[in-house]
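S.K.: Quick one: this structure, given as structure tokens, is what I'll be asking you about.
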Amino acid sequence: MRVNNGLTPQELEAYGISDVHDIVYNPSYDLLYQEELDPSLTGYERGVLTNLGAVAVDTGIFTGRSPKDKYIVRDDTTRDTFWWADKGKGKNDNKPLSPETWQHLKGLVTKQLSGKRLFVVDAFCGANPDTRLSVRFITEVAWQAHFVKNMFIRPSDEELAGFKPDFIVMNGAKCTNPQWKEQRLNSENFVAFNLTERMQLIGGTWYGGEMKKGMFSMMNYLLPLKGIASMHCSANVGEKGDVAVFFGLSGTGKTTLSTDPKRRLIGDDEHGWDDDGVFNFEGGCYAKTIKLSKEAEPEIYNAIRRDALLENVTVREDGTIDFDDGSKTENTRVSYPIYHIDNIVKPVSKAGHATKVIFLTADAFGVLPPVSRLTADQTQYHFLSGFTAKLAGTERGITEPTPTFSACFGAAFLSLHPTQYAEVLVKRMQAAGAQAYLVNTGWNGTGKRISIKDTRAIIDAILNGSLDNAETFTLPMFNLAIPTELPGVDTKILDPRNTYASPEQWQEKAETLAKLFIDNFDKYTDTPAGAALVAAGPKL
């Protein structure tokens, strides 16, 4: 066996990292466990052992991604292809960075990593060998190496022997940029990408998700340009090989609804769809743990064991975890290798073409039906809208819904114009004869959330085909086709108007929501394709 798979300090010098005497290459889980619990570690490097066997770490002030500190080098590679924050009507996080400032940031990170004991993890992003990225992660922090080992696809010994990285991620979490003001950047922290050098730099933030979502943003750039759909969704497959994908923003039920004892999980967050079918980008899951209980979500709870890595949870002195405590952040998380879930697709997280495409929304306005069947144009319209709404409490106890529109149910991670993702998705759907549905997991006129029991019955009706055979009627204003009845679902809730004391109450709320949809979609009307889709949306 070659030491470090033949990776030498000289090879790191090619990236600008010098004077490295100790490389820990693709460490085993056992070694990472020892490293994280090393009593000499201080600050955010230190791990704490919990009673479930998993190590817990803190990520400091950054307990989520830092979208305002995200930059992409604008050069000949990206100038005409990237969806830039400073061009067009759409708002996004893709702020341009000059090649000169990139060189300065790269100097800061390589200086931070030089002369240190480094962890180097080689892994794949993408379960399809033809289109996967071979990524090399370089960090001085053991638990960050653990995080990427959990989240990305772990190569076999044979694959490692011939590993040539397509992309380099240098994580300099301990360094910051003192010249940020002169360079007109957002802050001293940075998450920067260079598509020509094929490199990501991280400075100032310890949050592990920057590495996960950074590579997702890169797949979101590279794949659609090859005609492959790149999707922020979960996916599962039934006994007959029938594949379903679930799009949805945070809190709409992506993970919960795709974790189904009757079906095998392909993945819970990031997927591609190519000529062979749907494939996972990842080798692990990154689940929210706030208010987690063994009773409500046994699969996730049972996945928290040795080799899982908890982030920002409260660990009591006896090692037990207070999952209800959100004092550090509501965004408490756990990463674990996908095989910690029993019911998964093996040995590779991929399956055939999807025939059911489900858009999940949690409508706090109480306007949208629990389920509707979409036309091809409505599919594009609702995909580009990416709507959900949260209930935000105010001090007087009045709860006003807050709408969120996030293009393609993942605007934060898009690298190309949203219409490009919609076009690729629709092409894939048409070729596979796939049907799309809009499922509201939120509220209705009763003021209560639609029950998980009803939602699961709706998903079953979609997946077993009974919804496609049901009689439908059209909901006015939104022109959505709603089934008149479904097995196992309370018929009264299918028409949202029936859940109000009077139809006028629904009408009033519907007008408010319809206007929000129309105003949001205006940003897509600067292209002929976008303008043509306006008719598929609500009409006042």
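Every residue, even glycine, has its Cβ placed from backbone N, Cα and C.
Straight from Swiss-Prot, here's the annotation block:
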BINDING   R65, Y207, K213, R333  substrate binding site
MOD_RES   K87  N6-acetyllysine
BINDING   K213, H232, 248-256, E297, R333, 449-450, T455  ATP binding site
BINDING   K213, H232, D269  Mn(2+) binding site
MOD_RES   K523  N6-acetyllysine
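Burial and contacts for the listed features, if you can.
M.R.: Taking the Cβ of R65 (substrate binding site) as reference, residues of its chain lying under 8 Å away and at least six apart in sequence are, in sequence order, V191, Y207, G209, E210, K213, A412.
Sequence-distant neighbours of K87 (N6-acetyllysine) (same chain, 6+ apart, CB under 8 A from its CB) do not exist here. K87 (N6-acetyllysine) falls outside any helix or strand according to DSSP and counts as coil.
Of all Cβ atoms in the shown protein chains, 14 besides its own fall within 10 Å of the Cβ of S250 (ATP binding site). In the three-state DSSP classification, S250 (ATP binding site) falls within coil.
Same-chain residues at least 6 positions away in sequence with a Cβ under 8 Å from that of H232 (Mn(2+) binding site) are, in sequence order, F216, F247, D269, E270, C408, F409, G410, F413. Look at H232 (Mn(2+) binding site): DSSP puts it in a strand.
Secondary structure at K523 (N6-acetyllysine), taken from DSSP and collapsed to helix, strand or coil, is helix.
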S.K.: Quick one: which residues besides K213, H232, D269 have a Cβ within 8 Å of the Mn(2+) site's Cβ centroid, in sequence order?
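M.R.: Leaving out the recorded residues gives K212, F216, E270, G410, F413.
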S.K.: C-alpha of K254 (ATP binding site) to C-alpha of R333 (substrate binding site): distance in Å?
M.R.: 15
S.K.: Hey, what's the Cβ neighbour count for R333 (substrate binding site) at 10 Å?
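M.R.: 23, counting other Cβ atoms within 10 Å of R333 (substrate binding site).
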S.K.: Record lists R65, Y207, K213, R333 as binding substrate; longest Cα-Cα distance in Å?
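M.R.: It comes out at 14 Å between the most distant Cα atoms.
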S.K.: For the recorded substrate site formed by R65, Y207, K213, R333, which further same-chain residues have Cβ atoms within 8 Å of the site's Cβ center?
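M.R.: Counting only non-site residues, the set is G64, G208, G209, E210, K212, Y286, N331.
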